[in-house]
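According to TrEMBL:
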BINDING   G13, S14, I15, N126, E128, G207  NADPH binding site
BINDING   K127, S153, E154, S178, H201, S214, N219, K220, E223  1-deoxy-D-xylulose 5-phosphate binding site
BINDING   D152, E154, E223  Mn(2+) binding site
DOMAIN    6-134  domain '1-deoxy-D-xylulose 5-phosphate reductoisomerase N-terminal'
DOMAIN    148-231  domain '1-deoxy-D-xylulose 5-phosphate reductoisomerase C-terminal'
DOMAIN    263-379  domain 'DXP reductoisomerase C-terminal'
Amino acid sequence: MVSKGITVLGSSGSIGVSTLDVLARHPERFHVFALTAHTHVERLLAQCLQFRPRYAVMVEPRAAELLASALRDAGSETEVLAGVDALSMVASHPQTDYVMAAIVGAAGLLPSLAAARAGKRVLLANKESLVMSGQLFMDAVREHSAVLLPIDSEHNAVFQCLPRDGKDGVEKILLTASGGPFRTWSQEALAHITPEQAVAHPNWSMGQKISVDSATLMNKGLEVIEACWLFDLPAERVQVVVHPQSTIHSMVSYNDGSVLAQLGNPDMRTPIAYGLGWPERLVSGVAPLDLFATARLDFEQPDTERFPCLALAYEAHTRGGYATIALNAANEEAVKAFLNREIAFTAIPHIVKQVMQMASEGTPMNVEDIIVQDGESRRHSLSFIKNKKMH
Ligand code: NAD
Ligand code: MG
(Lines of atoms letter the chains of each structure in order from A and count residues from 1; the text may use other names and numbers.)
(Lines give C-alpha, C1' and ligand atoms only; values in the text may rest on other atoms or scores of the structure.)
(Ligands and ions follow the chains in the order given, each with its own letter.)
Protein backbone atom coordinates (compact mmCIF):
# COMPACT_ATOMS: atom_id res chain seq x y z
CA MET A 1 0.00 0.00 0.00
CA VAL A 2 1.37 3.44 -0.96
CA SER A 3 1.38 5.80 2.01
CA LYS A 4 -0.80 8.89 1.46
CA GLY A 5 0.61 12.34 2.23
CA ILE A 6 -1.70 14.44 4.37
CA THR A 7 -1.88 18.19 4.91
CA VAL A 8 -3.79 19.20 8.03
CA LEU A 9 -4.93 22.82 7.77
CA GLY A 10 -5.67 24.00 11.32
CA SER A 11 -3.82 21.16 13.03
CA SER A 12 -3.70 22.99 16.37
CA GLY A 13 -7.51 23.07 16.65
CA SER A 14 -10.07 20.60 17.88
CA ILE A 15 -10.56 18.85 14.51
CA GLY A 16 -6.82 19.05 13.76
CA VAL A 17 -5.92 17.29 17.00
CA SER A 18 -8.56 14.58 16.42
CA THR A 19 -7.26 14.09 12.87
CA LEU A 20 -3.70 13.53 14.11
CA ASP A 21 -5.03 11.11 16.72
CA VAL A 22 -6.56 8.97 13.94
CA LEU A 23 -3.50 9.30 11.68
CA ALA A 24 -1.23 8.11 14.50
CA ARG A 25 -3.21 4.84 14.57
CA HIS A 26 -2.35 4.13 10.90
CA PRO A 27 1.34 4.91 10.37
CA GLU A 28 1.57 2.42 7.49
CA ARG A 29 -1.21 4.13 5.51
CA PHE A 30 -0.52 7.83 6.02
CA HIS A 31 2.31 10.29 6.56
CA VAL A 32 1.90 13.94 7.46
CA PHE A 33 3.10 16.27 4.70
CA ALA A 34 2.22 19.62 6.30
CA LEU A 35 0.71 21.04 9.47
CA THR A 36 -0.64 24.58 9.84
CA ALA A 37 -1.79 26.86 12.63
CA HIS A 38 -2.53 30.50 13.25
CA THR A 39 -0.45 31.25 16.36
CA HIS A 40 -0.22 28.20 18.66
CA VAL A 41 3.56 27.63 18.66
CA GLU A 42 3.87 25.07 21.45
CA ARG A 43 1.21 22.77 20.07
CA LEU A 44 2.62 22.90 16.57
CA LEU A 45 6.10 22.25 17.90
CA ALA A 46 4.95 19.09 19.70
CA GLN A 47 3.00 17.96 16.61
CA CYS A 48 6.01 18.55 14.32
CA LEU A 49 8.30 16.56 16.58
CA GLN A 50 5.82 13.67 16.66
CA PHE A 51 4.74 13.60 12.98
CA ARG A 52 7.84 15.04 11.24
CA PRO A 53 6.04 16.87 8.40
CA ARG A 54 7.99 18.39 5.53
CA TYR A 55 6.36 21.78 6.17
CA ALA A 56 4.84 23.63 9.10
CA VAL A 57 2.97 26.85 8.36
CA MET A 58 2.35 29.55 10.95
CA VAL A 59 0.18 32.35 9.60
CA GLU A 60 1.61 34.83 12.11
CA PRO A 61 5.23 35.77 11.13
CA ARG A 62 6.42 36.18 14.74
CA ALA A 63 5.00 32.75 15.65
CA ALA A 64 6.71 31.28 12.58
CA GLU A 65 10.08 32.62 13.78
CA LEU A 66 9.58 31.15 17.24
CA LEU A 67 8.58 27.77 15.83
CA ALA A 68 11.51 27.71 13.39
CA SER A 69 14.02 28.38 16.12
CA ALA A 70 12.49 25.82 18.50
CA LEU A 71 12.51 23.19 15.73
CA ARG A 72 16.14 23.98 14.88
CA ASP A 73 17.10 23.57 18.53
CA ALA A 74 15.36 20.19 18.57
CA GLY A 75 17.23 19.04 15.44
CA SER A 76 14.01 18.83 13.37
CA GLU A 77 14.14 18.94 9.56
CA THR A 78 10.65 20.43 9.20
CA GLU A 79 10.72 23.66 7.20
CA VAL A 80 8.67 26.52 8.64
CA LEU A 81 6.76 28.87 6.33
CA ALA A 82 4.89 32.05 7.29
CA GLY A 83 1.82 33.84 5.94
CA VAL A 84 -1.50 33.01 4.34
CA ASP A 85 -0.14 32.17 0.88
CA ALA A 86 1.81 29.29 2.36
CA LEU A 87 -1.51 27.70 3.42
CA SER A 88 -2.63 27.42 -0.20
CA MET A 89 0.83 26.26 -1.25
CA VAL A 90 0.83 23.26 1.12
CA ALA A 91 -2.84 22.52 0.35
CA SER A 92 -2.13 22.20 -3.37
CA HIS A 93 1.41 20.77 -3.28
CA PRO A 94 2.00 17.75 -5.57
CA GLN A 95 3.25 15.72 -2.61
CA THR A 96 0.03 15.98 -0.64
CA ASP A 97 -2.74 13.53 -1.52
CA TYR A 98 -5.37 14.44 1.09
CA VAL A 99 -6.13 17.80 2.68
CA MET A 100 -7.99 18.09 5.96
CA ALA A 101 -9.64 21.53 5.78
CA ALA A 102 -10.02 22.34 9.48
CA ILE A 103 -9.30 26.05 9.73
CA VAL A 104 -12.17 27.89 11.40
CA GLY A 105 -14.12 30.56 9.52
CA ALA A 106 -13.54 32.52 6.32
CA ALA A 107 -9.76 32.17 6.75
CA GLY A 108 -10.20 28.61 5.45
CA LEU A 109 -11.70 29.63 2.10
CA LEU A 110 -8.58 30.15 -0.04
CA PRO A 111 -6.61 27.09 1.10
CA SER A 112 -9.69 24.81 0.90
CA LEU A 113 -10.38 26.08 -2.61
CA ALA A 114 -6.71 25.64 -3.54
CA ALA A 115 -6.94 21.99 -2.48
CA ALA A 116 -10.08 21.48 -4.60
CA ARG A 117 -8.48 23.19 -7.60
CA ALA A 118 -5.44 20.94 -7.26
CA GLY A 119 -7.72 17.87 -7.45
CA LYS A 120 -7.01 16.62 -3.93
CA ARG A 121 -9.14 14.47 -1.68
CA VAL A 122 -10.60 17.30 0.41
CA LEU A 123 -11.85 16.36 3.87
CA LEU A 124 -14.09 19.33 4.57
CA ALA A 125 -14.63 20.39 8.17
CA ASN A 126 -14.46 24.12 7.36
CA LYS A 127 -18.17 24.58 6.52
CA GLU A 128 -17.79 28.37 6.34
CA SER A 129 -15.81 28.07 3.09
CA LEU A 130 -18.67 26.22 1.40
CA VAL A 131 -21.26 28.66 2.79
CA MET A 132 -19.23 31.52 1.27
CA SER A 133 -18.42 30.02 -2.10
CA GLY A 134 -20.99 27.20 -2.69
CA GLN A 135 -21.34 27.08 -6.46
CA LEU A 136 -17.76 28.12 -7.13
CA PHE A 137 -16.41 25.48 -4.75
CA MET A 138 -18.54 22.67 -6.16
CA ASP A 139 -17.60 23.69 -9.73
CA ALA A 140 -13.90 23.57 -8.77
CA VAL A 141 -14.36 20.08 -7.31
CA ARG A 142 -15.98 18.85 -10.54
CA GLU A 143 -13.61 20.60 -12.95
CA HIS A 144 -10.48 19.36 -11.21
CA SER A 145 -11.80 15.89 -10.26
CA ALA A 146 -11.24 16.52 -6.58
CA VAL A 147 -12.91 14.14 -4.12
CA LEU A 148 -14.92 16.12 -1.58
CA LEU A 149 -15.78 14.19 1.58
CA PRO A 150 -17.76 15.83 4.39
CA ILE A 151 -16.26 15.70 7.88
CA ASP A 152 -19.01 17.65 9.63
CA SER A 153 -20.63 14.81 11.57
CA GLU A 154 -24.15 15.39 10.16
CA HIS A 155 -23.00 15.49 6.55
CA ASN A 156 -20.70 12.56 7.07
CA ALA A 157 -23.70 10.65 8.45
CA VAL A 158 -25.83 11.62 5.45
CA PHE A 159 -23.01 10.60 3.11
CA GLN A 160 -22.95 7.19 4.82
CA CYS A 161 -26.75 6.82 4.45
CA LEU A 162 -27.02 7.92 0.79
CA PRO A 163 -26.87 5.48 -2.13
CA ARG A 164 -23.29 4.99 -3.41
CA ASP A 165 -24.16 6.68 -6.72
CA GLY A 166 -26.75 9.37 -7.28
CA LYS A 167 -29.80 10.12 -5.17
CA ASP A 168 -32.21 7.42 -6.26
CA GLY A 169 -35.34 7.52 -4.08
CA VAL A 170 -34.03 10.22 -1.74
CA GLU A 171 -36.84 12.46 -0.49
CA LYS A 172 -35.26 14.44 2.27
CA ILE A 173 -32.23 14.86 4.46
CA LEU A 174 -32.96 15.02 8.18
CA LEU A 175 -30.15 16.97 9.85
CA THR A 176 -30.08 16.40 13.57
CA ALA A 177 -29.23 19.20 16.00
CA SER A 178 -28.54 18.86 19.71
CA GLY A 179 -30.32 22.16 20.30
CA GLY A 180 -27.28 23.43 22.21
CA PRO A 181 -26.91 24.18 25.92
CA PHE A 182 -29.86 26.64 26.01
CA ARG A 183 -32.46 24.54 24.24
CA THR A 184 -34.92 24.78 27.13
CA TRP A 185 -34.10 28.34 28.27
CA SER A 186 -36.63 31.19 28.14
CA GLN A 187 -36.13 34.18 25.85
CA GLU A 188 -35.45 36.41 28.90
CA ALA A 189 -32.75 34.09 30.23
CA LEU A 190 -30.96 33.99 26.85
CA ALA A 191 -30.05 37.69 27.13
CA HIS A 192 -27.76 37.05 30.11
CA ILE A 193 -25.76 34.12 28.78
CA THR A 194 -21.99 34.40 29.34
CA PRO A 195 -19.28 33.20 26.95
CA GLU A 196 -18.32 30.49 29.47
CA GLN A 197 -21.87 29.09 29.42
CA ALA A 198 -22.06 29.26 25.63
CA VAL A 199 -18.84 27.36 24.94
CA ALA A 200 -19.75 24.49 27.29
CA HIS A 201 -21.57 22.21 24.83
CA PRO A 202 -23.54 19.36 26.44
CA ASN A 203 -22.38 16.59 24.05
CA TRP A 204 -19.46 17.70 21.87
CA SER A 205 -16.08 19.19 22.73
CA MET A 206 -15.24 21.74 20.01
CA GLY A 207 -13.52 25.05 19.21
CA GLN A 208 -15.00 28.26 20.69
CA LYS A 209 -16.61 29.65 17.55
CA ILE A 210 -18.51 26.51 16.58
CA SER A 211 -19.58 26.05 20.21
CA VAL A 212 -21.23 29.49 20.21
CA ASP A 213 -22.72 28.71 16.77
CA SER A 214 -24.22 25.53 18.22
CA ALA A 215 -25.75 27.54 21.05
CA THR A 216 -27.39 30.08 18.68
CA LEU A 217 -28.34 27.34 16.14
CA MET A 218 -26.33 29.27 13.53
CA ASN A 219 -24.20 26.14 13.27
CA LYS A 220 -27.26 24.23 12.09
CA GLY A 221 -28.11 27.06 9.69
CA LEU A 222 -24.62 26.92 8.17
CA GLU A 223 -25.01 23.15 7.97
CA VAL A 224 -28.30 23.41 6.07
CA ILE A 225 -26.52 25.53 3.45
CA GLU A 226 -23.57 23.12 3.50
CA ALA A 227 -25.93 20.17 2.92
CA CYS A 228 -27.67 21.88 -0.01
CA TRP A 229 -24.32 22.31 -1.78
CA LEU A 230 -22.78 18.97 -0.88
CA PHE A 231 -25.81 16.90 -1.83
CA ASP A 232 -27.26 19.19 -4.51
CA LEU A 233 -30.67 19.56 -2.89
CA PRO A 234 -32.99 22.56 -2.43
CA ALA A 235 -33.35 23.85 1.13
CA GLU A 236 -36.97 22.52 1.36
CA ARG A 237 -35.51 19.02 1.26
CA VAL A 238 -33.16 19.61 4.17
CA GLN A 239 -35.07 19.45 7.44
CA VAL A 240 -33.65 20.15 10.88
CA VAL A 241 -34.65 17.80 13.70
CA VAL A 242 -33.66 18.61 17.27
CA HIS A 243 -32.32 15.47 18.91
CA PRO A 244 -30.79 16.35 22.30
CA GLN A 245 -28.84 13.11 22.82
CA SER A 246 -26.67 13.58 19.68
CA THR A 247 -26.64 9.82 19.14
CA ILE A 248 -28.15 9.90 15.65
CA HIS A 249 -25.80 12.09 13.62
CA SER A 250 -28.32 12.55 10.77
CA MET A 251 -30.72 10.63 8.54
CA VAL A 252 -31.89 10.19 4.95
CA SER A 253 -35.58 9.71 4.23
CA TYR A 254 -36.49 7.65 1.12
CA ASN A 255 -39.62 7.53 -1.07
CA ASP A 256 -40.54 4.02 0.11
CA GLY A 257 -40.89 5.16 3.72
CA SER A 258 -37.43 4.04 4.81
CA VAL A 259 -35.34 6.31 6.99
CA LEU A 260 -31.64 5.45 7.24
CA ALA A 261 -29.68 6.84 10.17
CA GLN A 262 -26.05 6.80 11.27
CA LEU A 263 -25.50 6.48 15.01
CA GLY A 264 -22.43 6.67 17.20
CA ASN A 265 -20.82 8.34 20.17
CA PRO A 266 -20.31 12.08 19.65
CA ASP A 267 -16.62 11.93 18.74
CA MET A 268 -15.29 13.54 15.55
CA ARG A 269 -12.73 10.78 15.08
CA THR A 270 -15.51 8.64 13.51
CA PRO A 271 -16.25 10.97 10.57
CA ILE A 272 -12.53 11.81 10.26
CA ALA A 273 -11.60 8.12 10.01
CA TYR A 274 -14.40 7.58 7.49
CA GLY A 275 -13.07 10.44 5.33
CA LEU A 276 -9.50 9.18 5.54
CA GLY A 277 -10.34 5.57 4.81
CA TRP A 278 -13.27 5.86 2.38
CA PRO A 279 -14.41 3.61 0.83
CA GLU A 280 -12.76 1.45 3.48
CA ARG A 281 -13.37 1.76 7.22
CA LEU A 282 -10.54 2.45 9.64
CA VAL A 283 -10.16 2.01 13.38
CA SER A 284 -10.68 5.48 14.92
CA GLY A 285 -10.23 5.02 18.65
CA VAL A 286 -13.92 5.77 19.28
CA ALA A 287 -15.64 3.49 21.82
CA PRO A 288 -18.57 1.40 20.54
CA LEU A 289 -22.00 2.89 21.13
CA ASP A 290 -23.71 1.54 24.23
CA LEU A 291 -27.42 1.69 23.36
CA PHE A 292 -28.48 0.64 26.86
CA ALA A 293 -26.59 3.59 28.34
CA THR A 294 -28.23 5.87 25.74
CA ALA A 295 -31.68 4.42 26.52
CA ARG A 296 -33.69 7.26 24.91
CA LEU A 297 -33.78 9.04 21.57
CA ASP A 298 -35.90 12.22 21.64
CA PHE A 299 -36.93 14.45 18.73
CA GLU A 300 -38.33 18.01 18.66
CA GLN A 301 -39.03 20.80 16.18
CA PRO A 302 -36.45 23.61 16.27
CA ASP A 303 -37.70 26.86 17.83
CA THR A 304 -36.81 29.66 15.41
CA GLU A 305 -38.46 32.29 17.65
CA ARG A 306 -35.87 31.89 20.39
CA PHE A 307 -33.14 30.87 17.93
CA PRO A 308 -33.65 33.06 14.81
CA CYS A 309 -30.25 32.23 13.26
CA LEU A 310 -31.58 29.01 11.75
CA ALA A 311 -34.35 30.83 9.86
CA LEU A 312 -31.88 33.53 8.76
CA ALA A 313 -29.67 30.88 7.18
CA TYR A 314 -32.57 29.38 5.19
CA GLU A 315 -33.48 32.90 4.06
CA ALA A 316 -29.89 33.71 3.04
CA HIS A 317 -29.58 30.52 1.01
CA THR A 318 -32.82 31.29 -0.83
CA ARG A 319 -31.57 34.79 -1.64
CA GLY A 320 -28.17 33.70 -3.00
CA GLY A 321 -24.42 33.73 -2.55
CA TYR A 322 -23.98 37.37 -1.52
CA ALA A 323 -26.49 36.91 1.30
CA THR A 324 -24.80 33.75 2.60
CA ILE A 325 -21.41 35.51 2.60
CA ALA A 326 -22.97 38.36 4.59
CA LEU A 327 -24.62 35.88 6.99
CA ASN A 328 -21.30 34.17 7.61
CA ALA A 329 -19.22 37.35 7.94
CA ALA A 330 -21.70 39.03 10.30
CA ASN A 331 -21.92 35.90 12.38
CA GLU A 332 -18.12 35.60 12.70
CA GLU A 333 -17.81 39.23 13.79
CA ALA A 334 -20.78 39.04 16.17
CA VAL A 335 -19.53 35.82 17.78
CA LYS A 336 -16.11 37.40 18.27
CA ALA A 337 -17.73 40.44 19.93
CA PHE A 338 -19.87 38.19 22.15
CA LEU A 339 -16.80 36.18 23.22
CA ASN A 340 -15.07 39.52 24.03
CA ARG A 341 -18.09 40.46 26.21
CA GLU A 342 -18.94 43.43 23.98
CA ILE A 343 -22.47 42.36 23.03
CA ALA A 344 -25.21 40.14 24.45
CA PHE A 345 -25.82 36.60 23.16
CA THR A 346 -29.21 37.72 21.84
CA ALA A 347 -27.60 40.55 19.81
CA ILE A 348 -25.95 38.00 17.48
CA PRO A 349 -29.04 37.29 15.32
CA HIS A 350 -29.97 41.00 15.21
CA ILE A 351 -26.58 41.92 13.79
CA VAL A 352 -26.67 39.06 11.27
CA LYS A 353 -30.13 40.08 10.11
CA GLN A 354 -29.23 43.74 9.62
CA VAL A 355 -26.00 42.96 7.76
CA MET A 356 -27.75 40.41 5.55
CA GLN A 357 -30.32 43.02 4.53
CA MET A 358 -27.49 45.16 3.14
CA ALA A 359 -26.01 42.39 0.96
CA SER A 360 -26.29 42.46 -2.84
CA GLU A 361 -28.72 40.15 -4.62
CA GLY A 362 -27.41 37.24 -6.68
CA THR A 363 -24.31 35.09 -6.42
CA PRO A 364 -20.65 36.01 -6.97
CA MET A 365 -18.91 33.90 -9.56
CA ASN A 366 -15.29 34.60 -8.62
CA VAL A 367 -13.20 34.69 -5.45
CA GLU A 368 -12.48 38.42 -5.70
CA ASP A 369 -16.19 39.31 -5.49
CA ILE A 370 -16.61 36.91 -2.56
CA ILE A 371 -13.80 38.62 -0.68
CA VAL A 372 -15.20 42.09 -1.41
CA GLN A 373 -18.64 41.13 -0.05
CA ASP A 374 -17.04 39.48 2.98
CA GLY A 375 -15.02 42.62 3.77
CA GLU A 376 -17.99 44.94 3.28
CA SER A 377 -20.23 42.81 5.52
CA ARG A 378 -17.57 42.78 8.24
CA ARG A 379 -17.38 46.59 8.15
CA HIS A 380 -21.17 46.82 8.46
CA SER A 381 -21.07 44.30 11.30
CA LEU A 382 -18.54 46.35 13.24
CA SER A 383 -20.71 49.46 13.06
CA PHE A 384 -23.80 47.53 14.27
CA ILE A 385 -21.71 45.95 17.02
CA LYS A 386 -20.64 49.43 18.18
CA ASN A 387 -24.31 50.40 18.57
CA LYS A 388 -25.11 47.26 20.52
CA LYS A 389 -22.20 47.48 22.94
CA MET A 390 -23.17 46.68 26.49
CA HIS A 391 -20.65 49.02 28.19
P1 NAD B 1 -10.62 25.45 16.55
O2 NAD B 1 -10.85 26.86 16.93
O3 NAD B 1 -10.41 24.44 17.62
O4 NAD B 1 -9.36 25.38 15.56
C5 NAD B 1 -9.25 26.25 14.48
C6 NAD B 1 -7.95 26.05 13.72
O7 NAD B 1 -7.89 27.06 12.71
C8 NAD B 1 -6.69 26.21 14.58
O9 NAD B 1 -5.70 25.31 14.14
C10 NAD B 1 -6.25 27.64 14.28
O11 NAD B 1 -4.85 27.82 14.43
C12 NAD B 1 -6.67 27.80 12.85
N13 NAD B 1 -6.95 29.19 12.52
C14 NAD B 1 -7.75 30.06 13.18
N15 NAD B 1 -7.77 31.26 12.58
C16 NAD B 1 -6.96 31.16 11.51
C17 NAD B 1 -6.54 32.08 10.51
N18 NAD B 1 -6.98 33.35 10.48
N19 NAD B 1 -5.70 31.64 9.55
C20 NAD B 1 -5.25 30.36 9.57
N21 NAD B 1 -5.59 29.45 10.50
C22 NAD B 1 -6.44 29.85 11.46
O23 NAD B 1 -11.84 25.03 15.61
P24 NAD B 1 -12.47 23.58 15.36
O25 NAD B 1 -13.53 23.33 16.37
O26 NAD B 1 -11.40 22.58 15.17
O27 NAD B 1 -13.23 23.82 13.98
C28 NAD B 1 -12.54 23.89 12.75
C29 NAD B 1 -13.56 23.87 11.61
O30 NAD B 1 -14.22 22.61 11.63
C31 NAD B 1 -14.66 24.92 11.73
O32 NAD B 1 -15.00 25.37 10.47
C33 NAD B 1 -15.81 24.17 12.34
O34 NAD B 1 -17.06 24.70 11.98
C35 NAD B 1 -15.62 22.79 11.73
N36 NAD B 1 -16.20 21.69 12.54
C37 NAD B 1 -15.72 21.45 13.79
C38 NAD B 1 -16.26 20.43 14.55
C39 NAD B 1 -15.74 20.11 15.93
O40 NAD B 1 -16.19 19.14 16.53
N41 NAD B 1 -14.80 20.87 16.48
C42 NAD B 1 -17.31 19.66 14.03
C43 NAD B 1 -17.77 19.92 12.75
C44 NAD B 1 -17.20 20.94 12.00
MG1 MG C 1 -21.92 19.42 12.63
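Keep in mind that glycine also has a Cβ here, set from the backbone N, Cα and C atoms.
All annotation found in TrEMBL is predicted automatically rather than curated by experts.
Shown on the structure are the features that TrEMBL records.
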residue: G13; record: NADPH binding site; DSSP class: coil
residue: N126; record: NADPH binding site; DSSP class: coil
residue: D152; record: Mn(2+) binding site; DSSP class: coil
residue: H201; record: 1-deoxy-D-xylulose 5-phosphate binding site; DSSP class: coil
residue: N219; record: 1-deoxy-D-xylulose 5-phosphate binding site; DSSP class: helix
In this predicted model, the domain '1-deoxy-D-xylulose 5-phosphate reductoisomerase C-terminal' (148-231) has a mean pLDDT of 96
The answer for which binding-site residues (G13, K127, D152, E154, G207) have a CB under 6 A from ligand 2 is D152, E154
Those same-chain residues, other than G13, S14, I15, N126, E128, G207, found with Cβ within 8 Å of the centroid of the NADPH-site Cβ atoms are G10, G16, A102, I103, V104, A125, M206, K209, I210
For E128 (NADPH binding site), the closest of the binding-site residues by C-alpha position, picking from D152, E154, H201, E223, is E223
Quick note, I15 (NADPH binding site) and E154 (1-deoxy-D-xylulose 5-phosphate binding site): C-alpha atoms separated, nearest Å, by 15
Smallest number of other CB atoms within 10 Å: among the binding-site residues G13, G207, that is G207
Simplified to three states, DSSP reports G207 (NADPH binding site) as coil
Whole-Å Cα distance, N219 (1-deoxy-D-xylulose 5-phosphate binding site) to N126 (NADPH binding site), is 12
Students should find that the Cα atoms of G207 (NADPH binding site) and K127 (1-deoxy-D-xylulose 5-phosphate binding site) sit apart, in Å rounded to an integer, by 14
The answer for which binding-site residues (E154, H201, N219, E223) have a CB under 6 A from ligand 1 is none
Going by C-beta under 8 A and a gap of 6 or more residues, the same-chain neighbours of H201 (1-deoxy-D-xylulose 5-phosphate binding site) are S178, G180, P181, S211, S214, A215
DSSP composition of the domain 'DXP reductoisomerase C-terminal' (263-379), residue counts helix/strand/coil, works out to 67 helix, 2 strand, 48 coil
Cα nearest K127 (1-deoxy-D-xylulose 5-phosphate binding site) among binding-site residues (G13, S14, D152) -> D152
Neighbour count check, CB within 10 A, over binding-site residues S14, N126, N219; minimum at S14
